[in-house]
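Chemist: What follows is a single structure, and I will ask about it in a moment.
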Amino acid sequence: MSRSRIDLPPESDPAATHTSEAREERRNYYLGYVLALVLTLPVFAITGFHLLPTKEIYWVAGAAALVQMVVHFRYFLNIRFKGQTREDLHLILFTTLILGLMVGGTIWILFNLAGRM
Amino acid sequence: MSRAPTRHPGLNLGPSHQSADDAASVEVFGFWVFMMSDAVVFGLLFATYAVMVGRTAGGPGPSELYDLKSVFIETLALLTSSMTFGIGATMMKHGNRAGWLVFWLVASFALAALFLGFELHDFVDMVHKGGVPQRSGYLSAFWALVPLHGLHVTMACIWMGAILLQMAKYGLDDAVKTAVLRLGILWHFLDIVWIAIFTVVYVGGLA
């Protein structure tokens, strides 16, 4: 711990760990973690104990996964709808569009082909 | 509550780390572009897997090969390591707590190693049951997708080791700070890919 004192740049305050900003940021990580657990644990429970019919598990797990991805982007990667200087969110949305076209297109065409065989 | 606009994905260092924050605004954005291209690679391997999943060619299928308990432990380990990494980054940002940063990074490393240990055990188990890549189209697709994620996690662990060595030699300078931010982007991104893997591959295969 002693080297952290040596490395302190002159402008930073050693007690800054306890500012409200620091608390808020740490709370974001904890909150994201709890939300992710809430979205993960039931999915494993219904799958492990076969609590629902297969098709319903697919829907629940798929929906939970999409929401959990949004939670990770928001709380772990700090992506917001507003207030970014660069196009971080646009890049995600564009990548999602590309993925939708390529993944959706692949699955659509190949399942269609398989159906005709 | 009003806040300053964020300059890049992940934790922003803010004005108290002026020079590192300026460097990060370019470097982390570039890394983010790279991550998004990596997301496309994973997405297409998911598409391949979805097409191939029923094509077992008489070989073993998901219900014989997967172990949900093991996957559950892997999921918890990786998710927890994402959180501990984030806490470590806040320790670096607020008060330059190098000691705490190292503590949380090592904790994240240990959890990632736990993840890799269980995953390796799963892979060995699959091979023993005859689930090798050349057995069927389904297994080729599986081995292209899931171990690629494991390889990413392994590389991220090696990168973390390199950052810790760099920190031991040069202290918590700007290069180390921006490297921690970029590694954080990779770390959280790999956890997002894992959500898709445990949902599509394991829950999809065992439901």
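Easy rule for this one: first residue shown is 1, then count along the chain.
The backbone N, Cα and C atoms fix where each Cβ goes, glycine too.
Bear in mind that the values here come from a model prediction, so they are computed numbers and not experimental data.
Pasting the feature list from TrEMBL:
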TRANSMEM  B:28-51  transmembrane segment
DOMAIN    B:29-206  domain 'Heme-copper oxidase subunit III family profile'
TRANSMEM  B:71-91  transmembrane segment
TRANSMEM  B:98-118  transmembrane segment
TRANSMEM  B:138-165  transmembrane segment
TRANSMEM  B:185-205  transmembrane segment
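Please situate the listed features within the shown structure.
Modeler: Below 8 angstroms of C-beta separation, residues 7-10, 141-142, 144-145, 148-149, 152, 178, 181-182, 185-186, 189, 193, 196, 200-201 of the same chain, each at least six residues beyond the ends of the transmembrane segment (B:28-51), sit close to that stretch.
Outside the transmembrane segment (B:185-205), and at least 6 residues removed from its termini, the chain residues within Cβ reach (under 8 Å) are 9-10, 28, 31-32, 35, 38-39, 42, 46, 49-50, 53, 61-63, 66, 68, 71, 74-75, 78-79, 81-82, 85-86, 108, 142, 145-146, 149, 152-153, 156, 159.
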Chemist: Give the mean pLDDT for the domain 'Heme-copper oxidase subunit III family profile' (B:29-206) on the 0 to 100 scale.
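Modeler: Reported value for the domain 'Heme-copper oxidase subunit III family profile' (B:29-206) is a mean pLDDT of 94.
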Chemist: For the transmembrane segment (B:98-118), give me same-chain residues lying six or more residues beyond its boundaries with a C-beta closer than 8 angstroms to one of its C-beta atoms, as numbers and ranges.
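Modeler: Contacts of the transmembrane segment (B:98-118) (Cβ under 8 Å, skipping residues fewer than 6 from its ends): 70, 73-74, 77-78, 80-82, 84-85, 87-89, 91-92, 150, 153-154, 156-157, 160-161, 163-164, 167, 171-172, 180, 187.
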Chemist: Apart from its near flanks, which chain residues at least 6 from the ends of the transmembrane segment (B:138-165) lie with a Cβ under 8 angstroms of it?
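Modeler: For the transmembrane segment (B:138-165), the nonlocal Cβ contacts are 38, 41-42, 45-46, 48-49, 51-57, 59-61, 78, 102, 105-106, 108-109, 112-113, 115-116, 119-120, 123, 131-132, 176, 179-180, 183, 186-187, 190, 193-194, 197, 201.
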